[in-house]
Amino acid sequence: MKNNHIPVLLNEVLDNLALKENGIYIDLTLGMGGHSKEILKRIPKGKLIAFDKDDFAIKNASKTLSEVANNFEIIKSDFKDFKEELSNLGIYKVDGILADLGISSPQIDNAERGFSYLKNSALDMRMDQSQKLSAYDVVNLYPVEKLEYILKTYGEVKNYKYIASKIIEARPINTTLELANLIKSVTPQKLLKLKNPAKNVFQAIRIEVNNELDSIHQMLSSVEDLLKVNASLLIISFHSLEDKIVKNYFQELTKPKLPSKMPIQEDKFFATRRIYPSKQELNLNSRSKSAKLRILTKIKD
């Protein structure tokens, strides 16, 4: 398969990782290998450890990276477990960590994966094809209260109670377009002009299937001790739920830990403001539109 994937905010990632040729770097979301490939080119004496739980992504990215160098290792794992996986390799400190959150373009574009509300497929949405829970299970087996919670919390769907009740009434729902068309049919005409109403519903179901937000929380809890001094954590997010988790974590690590009257202590971490794609990148890659990059740098042990 030809890899036409365009990595988001690539130059900004490479600049802010401050790559050292002998450094150890972690890509928590390998995907099609776009970021990892460029990192590898710049660390000839270093090591790249990349994580993904999607077999399709791992297979294709492995070929991409092998064309550049062999000083990398790919681990099939949810990034929430990355600290344990690194420990198994004897790695306890790293020079930089990157996470490009959410769904990848190939996952959307491959209709058979069931992520797209524009292409017909079985309801799937599993990033890890070996796991049992799928979108079909969420749509057809969850009780109405749990559906309501998912739609409200993970999709920020305004009419979440109504949508959940209509999903229950229409069961069984077998395909992505069945679900998308159902949502469209029960959405007021004036709202249809704003955006496809299935977008947020599909987002909510996908997040539930892949346990995405809990994984982000668990991943972040492992970062603090792994970063060397002057090493950075870079996180690209694409929607407000992800970004809020990252923002709150960064604020927690950078805010003063002592009462104001206590002796001043130097901060251990420094966080930058969000970085957005340039106009040039937006013109080349429209899917980068909602991307935001946050950077946390460790400045003291």
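For all residues, glycine too, the Cβ spot is worked out from N, Cα and C.
What Swiss-Prot records for this protein:
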- Gly33, Gly34, His35, Asp52, Phe79, Asp100, Gln107: S-adenosyl-L-methionine binding site (BINDING)
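Shown on the structure are the features that Swiss-Prot records.
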residue : record                               : contacts (Cβ under 8 Å, 6+ apart)
His35   : S-adenosyl-L-methionine binding site : Pro7, Leu10, Val13, Asp27, Leu98, Asp100
Asp52   : S-adenosyl-L-methionine binding site : Thr29, Leu30, Gly31, Ile58, Ala61, Ile74, Lys76, Ser77
Phe79   : S-adenosyl-L-methionine binding site : Leu28, Thr29, Phe51, Ala99, Ser215, Met219
Gln107  : S-adenosyl-L-methionine binding site : Asp54, Ala57, Arg113, Phe115, Met127
Given the binding-site residues Gly33, Gly34, and counting only Cβ atoms in the protein chains shown, which has the most within 10 Å of its Cβ?
-> Gly33
